[in-house]
Amino acid sequence: MATHTFSCIDGHTCGNPVRLVSGGGPRLEGANMLEKRAHFLKEFDWIRTGLMFEPRGHDMMSGSILYPPTRPDCDVAVLFIETSGCLPMCGHGTIGTITMGIENGLITPREPGKLSIDAPAGKVDITYRQEGRFVEEVRLTNVPSFLYAEGLAAEVEGLGEIVVDVAYGGNFYAIVEPQKNFRDMADHTAGELVGWSPKLRAALNAKYEFVHPEHPEIRGLSHIQWTGKPTQPEAHARNAVFYGEKAIDRSPCGTGTSARIAQLAAKGKLKVGDEFVHESIIGSLFKGRVEAAAKVADRDAIIPSIAGWARMTGINTIFIDDRDPFAHGFVVR
């Protein structure tokens, strides 16, 4: 029997939690972060569930673990952990990790104001604005993002037929726009969205296959993005992103915003240089932009960037005690 100790810095990005594991992360094998992610999931997923699930975490918890980069053009490597698994990429997690990492001396960029992270989804370039010891804004240039499929239909109990577009922005997202059985996220409670989302996700995954054309290790639809009209005057759209089993992202969701920008660009509604301000379910904002056109295999894609802010809320020392019957956490469904 042993007690495993993890040093953590807690914070949030535009309202959504980030738990940065600053000490206690396991040594991982692999030539790149995708391979290290696979090793973590095989041997150490109990760390993720122990730190993210109750009683040490909660339904919305997400976090990250820092590692030395596996490639010479990056300053630091990041493994993203959350209630739904180890994401290839996490936008709000990146903003929070960079903010708290720099403010607490865990990350030292080679060039002030900019750095690159080595994520399982690939290299992510970042700029940040620092005033004194505080990082006030982080902008990440995300991985190539693209519209994967249009007009996919699935039946959802209690809602009826729902038609979605699926786009990739670091994870696969089903984007639910206004239609016969869903007019606007504002017409529904968060509880209703949480109830419908896993049914819609399961139906889509059962009916269709979602595989990244260049990275077959990245597969499966993981997130549902419900959309609506903005309530903030500077925003172009509002969204509520469902992930895990019961979570609605409190931030506008970085990879979700990337996927949304890719979808709109593919439909001719955004072009290179255009900005897209995305509002979350609680009114916080991410500032997105189409940075460049790109290709992913034979698919047209874009390079999106996302800007947002984060704040540190505390420092934790967390124990996972092998004697604890809930050492690896639990989820109440």
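Glycine is treated like the rest: Cβ placed from N, Cα and C.
In Swiss-Prot, the substrate site is described by Gly91, His92, Asp249, Gly254, Thr255, and among His58, His223 the residue recorded at this site is His223. Other residues of the same chain near the substrate site, with their Cβ within 8 Å of the Cβ centroid of Gly91, His92, His223, Asp249, Gly254, Thr255, are Cys90, Gly93, Gly169, Gly170, Asn171, Val241, Ser251, Pro252, Cys253, Gly256, Thr257, Ser258. Here the C-alpha separation of Gly91 (substrate binding site) and Cys253 (active site, proton donor) works out to 6 Å.
Here Cys253 (active site, proton donor) is positioned 6 angstrom away from His92 (substrate binding site), judged by their C-alpha atoms. Distance noted between the C-alpha atoms of His223 (substrate binding site) and Cys253 (active site, proton donor) is 10 Å.
In this view, Thr255 (substrate binding site) is surrounded by 35 other Cβ atoms within 10 Å of its Cβ, with every protein chain counted.
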